Amino acid sequence: MEEKQILCVGLVVLDIINVVDKYPEEDTDRRCLSQRWQRGGNASNSCTVLSLLGARCAFMGSLAPGHVADFLVADFRQRGVDVSQVTWQSQGDTPCSCCIVNNSNGSRTIILYDTNLPDVSAKDFEKVDLTRFKWIHIEGRNASEQVKMLQRIEEHNAKQPLPQKVRVSVEIEKPREELFQLFSYGEVVFVSKDVAKHLGFQPAVEALRGLYSRVKKGATLVCAWAEEGADALGPDGQLLHSDAFPPPRVVDTLGAGDTFNASVIFSLSKGNSMQEALRFGCQVAGKKCGLQGFDGIV
């Protein structure tokens, strides 16, 4: 029997990336070291990483027909990512972002043209055959619709024996009030440093203690904190930690968080413990920060 896939639901965007030797001053002309088009977006990047790690994965998100979408779909396919779940929208444009990556310290500055493209709806998600997937990861975006999607997965799981249940993770990355309702769904909840700080918590350990009451019974809350590594808190009340694994030189942090999330999901889906998954996530994300793009993370 064919192995079930991991499905990532969320954003895909065209990243036009300019790599510079130092961050440009306003109102000056500069040459860049290199420029590339790269498929981006949190869920999209996580698919790239899952595929590179050897997982069978699929992407679900919105695209509008046109040259940009053609490039993105071709790149998904070249990476071995299943795009049969993509929602094709008749209105709006595929989003695009201009990214400045500072080669001297790896910082990334993103200017997103977030177009009028509708997000995937609960109605779109009704068409998904849940039996095809062993894990579904949802990047928090249009949360009120995504809650309905998560409830559909819960209803499906209630009728399944344990080995057939779909495992679920959610990511709460942006400090938007609407997204916070997603805390109470999923067995793994990734909360970002930005959200933790927005809610008044730092460092990661304090965020986990302060926010754990929001997750559902039995869930694990995970918080990565850049060069300080990552922490997790599960139902047993034990705080887990992994140090970061910085590369010899940081050159590109664009997509590092998406790399961490995907690597944790990959490790857990293989039956590893949360401690092992946390360490693996930090290792792969650290390696990615020493590379332009994602090739070479494994």
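Count begins at 1; order follows the chain as displayed.
A Cβ is built for glycine as well, from the same backbone N, Cα and C atoms used for every other residue.
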Co-listed ATP-binding residue [Swiss-Prot; alongside A226, E227, E228, G229, G255, A256, G257, D258] among R56, R77, R79, R108: R108
Annotated companion of G41, N42, N45, D258 at the beta-D-fructose site, Swiss-Prot, chosen from D15, D75, D82, D231: D15
G229 (ATP binding site): tally of other CB atoms within 10 A of its CB: 21
Candidate nearest N42 (beta-D-fructose binding site) in space, where candidates are the binding-site residues R108, E227, G229, A256 and distance is Cα-Cα: A256
Residues within 8 Å of the D15, G41, N42, N45, D258 Cβ centre (excluding the beta-D-fructose site residues themselves): L11, V12, V13, R39, G40, A43, S44, S46, G255
Cα distance (Å, whole number) from D258 (beta-D-fructose binding site) to G229 (ATP binding site): 14
